[in-house]
Amino acid sequence: MSEVRVRFPPSPTGYLHIGGARTAIVNWLYAKKHNGKLILRIEDTDAERSTKESIQGIIDGLNWLGIDWDEGPYFQTEFEKDHAQAAAKMLAEGNAYKCFCSKETLEKKREAALAAKKDVKYDGTCRHLSPEEISDREAQGIPSVVRFKTPQKEGGVSYDDKVLGTITRSYSDIEDFVIVRSNGKPLYLLCNVVDDIRDRISHVIRGQDHLTNTTRQILLYNALGALPPVFAHMPLTLDLKKAKISKRSHGEIVAVQYYRNRGFIPWALVNFLVLLGWSPGDDREIFSKEELIEAFTLERINKSHSIFNYRKDDPKFFTDPKAINTNGHYLRTMPVEEIAAMVKKELQAENLWDDGYDGAKKEWYIKTIDLIRDRFYTLKDFSSLGRSYFSDDFEIDPKALAKNLLKHPDLKTWLPMLADRFAALPTFNKDTAEEAARKLAEELDIKPGIPINASRAVITGQLKGPSMFELFEHFGREIVVKRLREAGKYFQE
Ligand code: GLU
């Protein structure tokens, strides 16, 4: 195979959408797999809709995901000359023509065609204008667009889509489409092809929403005397009602930034997004970067659309549960130091970071992460559910409060008693703490679980967690005693 050169050409008109990110990831994987190059090209020719913030957001999003590119970013606006030249070449060689039909005329014809249930294709009025008719209209100052001259013959455009197989569209289905606007600006269909030719793109991997563009673009390649690249179209991402997921109807869950803000691990999101539309052919769901590059093939991209399983009405699932579970998996299984470094940023953002965690308290910090990550799903959980480990100012889970504290009003005195016992121990560790807690329960003639679960509630704020005896030792005598002594505050109105 000759050199693989793929591209990611976003239009910078908004945030990085997870569908766009998936396209970028798949192109990146394909480039990596074949020692090829990924080119980042910002398609910024739509001056009204393109913004600097969006360009930055896309670049930040890709960087965060760990998707690196080999060339670029190129900016489409830097190549406007190439686009204009290509349009001129097509006009000169008779592959395109100027069309002087006004918007009003076209609209009227469209309505008439619709009413008569006929095709709404452009009817070719200007396709056969003589040079005199053209100069006559130009002399009158009538504005014109440039239309591509679709072959008028039997047959059609055909190509072998790496995902969907042979795709054929008959010429008669393709109208003479506009390639240059009346303001002289070439349109996406043309610019994109001119740039792909210049950038020597070997494979165009993009969403199925571009299928009708592809057949038209192949005609442009032919007219420009270039060989079309290999095409592969990825399935769309739909919601449970089979509608395309979009910011308008689904809100921020479609933006990569949202996952970053919600405490996702970048690779976990990459892993989730790849499987949304591609399958390895076996039941593996977790892939390292190397494994994914090894397993990835275009042929295993799914033909049918992917379903993004998101139920707005269930706040527990703030996005597709599979994404959350994948993140939870990485959170629990990645080297603890790597997680600890990510949690540091989260704690800093929430003003919970103590510089000692990088110094004298480092061992304690790392152990904390290791102890609590088992039940967590996102980095945010460390500053919310895990807050009690890093601050005295935390809230107690209402369930833990009701079930393990308020249910036994006597705990108001039992917990301070336990605090006294702990304070009096010659040495304080998980074994001595356990012994003291059990002894107190026996003396009070209560189940040991009662003071122990209550201790969990007032010390960690949580209903469940790691072994409480281990936690006594981990939090250390000072904090344990303090929080047990203050337990009375939860019983007040
Ligand atoms: N700028 C286009 C988009 O964002 C590029 C599509 C493509 O050719 O891949 O949809």
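Yeah, the Cβs are placed from backbone N, Cα and C, and that goes for glycine too.
Around the Cβ of Cys99 (Zn(2+) binding site), the same chain contributes Tyr122, Thr125, Cys126, Arg127, Ser144, Val145, Val146, Arg147, Asp176, Val178, each under 8 angstroms and 6 or more positions distant in sequence. Secondary structure at Cys99 (Zn(2+) binding site), taken from DSSP and collapsed to helix, strand or coil, is strand. Positions annotated as Zn(2+) binding site by TrEMBL: Cys99, Cys101, Cys126, His128.
If you take the C-beta of Lys247 (ATP binding site) and look for same-chain residues 6 or more apart in sequence within under 8 angstroms, you find Gly14, Tyr15, His17, Val254, Ala255. The ATP binding site feature in TrEMBL is assigned to Lys247.
Feature annotation from TrEMBL assigns domain 'Glutamyl/glutaminyl-tRNA synthetase class Ib catalytic' to 3-311.
The annotation domain 'Aminoacyl-tRNA synthetase class I anticodon-binding' is assigned in TrEMBL to 340-487.
Under the heading motif ''HIGH' region', TrEMBL lists 10-20. Broken down with DSSP, the motif ''HIGH' region' (10-20) shows 3 helix, 1 strand, 7 coil.
Annotated motif ''KMSKS' region' per TrEMBL: 244-248, in sequence order. Beyond its flanks by at least six residues, the motif ''KMSKS' region' (244-248) meets 14-15, 17-19, 236-238, 254-255, 308, 310 of its own chain at Cβ-Cβ distances under 8 Å.
Within its own chain, the motif ''HIGH' region' (10-20) has Cβ neighbours under 8 Å at 42-44, 46, 49-51, 54-55, 57-58, 61-62, 207, 236-237, 245, 247, 254-257, 259, 269, 273, counting only residues six or more beyond its boundaries.
Look at the binding-site residues Cys101, Cys126 and count other Cβ atoms within 10 Å of each Cβ; Cys101 has the fewest.
Taking the centre of the Cβ atoms of Cys99, Cys101, Cys126, His128 as the Zn(2+) site, the nearby residues of that chain (Cβ within 8 Å, site residues left out) are Tyr97, Lys98, Phe100, Gly124, Thr125, Arg127, Leu129, Arg147.
Within 10 Å of the C-beta of His128 (Zn(2+) binding site) we count 8 further C-beta atoms, all protein chains included.
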